[in-house]
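> Quick one: the structure is below, and I'll ask about it shortly.
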Amino acid sequence: MSDDVFTLGPAAFGSRLIMGTGGAPSLEVLERSLIASGTELTTVAMRRLDPTVQGSVLSVLERLSIRVLPNTAGCFTAGEAVLTARLAREALGTDWVKLEVVADERTLLPDPIELLDAAEVLVDDGFTVLPYTNDDPVLARKLEDVGCAAIMPLGSPIGSGLGIRNPHNFELIVERAGVPVILDAGAGTASDAAQAMELGCAAVMLASAVTRAQEPELMAGAMRHAVEGGRLAYRAGRIPRRHFAEASSPVAGRAVLDPERPAF
């Protein structure tokens, strides 16, 4: 869909699938999955990354010409997230950051107060901030108001595979947003990615759904097609939901029996 470019901050992408790298069984499987997904933007967790190591995730992304998106996974306070983002900028030479500030290790749900504080500091510091957030339309608006380049609500908890539990909130967020809305967590299979796009999301971000699948490369390809299909369906416009049937065939030309001349 070369006529449907995905614009995110100052950059444009042909693919609307953003991949994560966590949970891959090996670098070889990860590389094949990234190729199958067609992604052009992939996240890496700074706390698990050593840029000096040869044969790392970074070398795979460089070989595939995929843009690196560092994230602040594992941060519980705004201060930790800001420090991690600044270290990433120094180490990787990018001012893009996928901002994650979670409340606890059990749920990995975003801490809205710490998240908003960190977002405001990083935007003021010149970062292109992509925040992982709750599916809360009010918080989404506040994140956009402080200057975030996108809103990335979760469909369900990270790694849960439960899909989008509150599609109505996604519709509200999309309807009010002036920046791209990206599904950021919860996808378990291709239909979840397609649903996100049909709800109006500009892109889908996922990792576990691919890296922990029985066949990661196959699932990556499925996700690619699901995102593309869901986007086409959204652009095409679905038919209205109705309580009763509506015939698709015209009435004109229908055979009508003459009661005085039985057919048999």
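We number each residue from 1, going along the chain as drawn.
For all residues, glycine too, the Cβ spot is worked out from N, Cα and C.
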> Among GLY126, GLY147, GLY159, GLY237, which residue does Swiss-Prot annotate as binding 1-deoxy-D-xylulose 5-phosphate at the site that also has ALA185, GLY186, ALA207, SER208?
GLY159
> For the 1-deoxy-D-xylulose 5-phosphate site given as GLY159, ALA185, GLY186, ALA207, SER208, which other residues of the same chain have their Cβ within 8 Å of the site's Cβ centre?
GLY20, PRO157, ILE158, SER160, GLY161, ALA187, LEU206, ALA209
> Through the lens of DSSP with three states only, how would you label SER208 (1-deoxy-D-xylulose 5-phosphate binding site)?
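Helix, per DSSP.
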> What Cα-Cα separation, expressed in whole Å, is found between LYS98 (active site, schiff-base intermediate with DXP) and ALA185 (1-deoxy-D-xylulose 5-phosphate binding site)?
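On Cα coordinates alone, these residues lie 13 Å apart.
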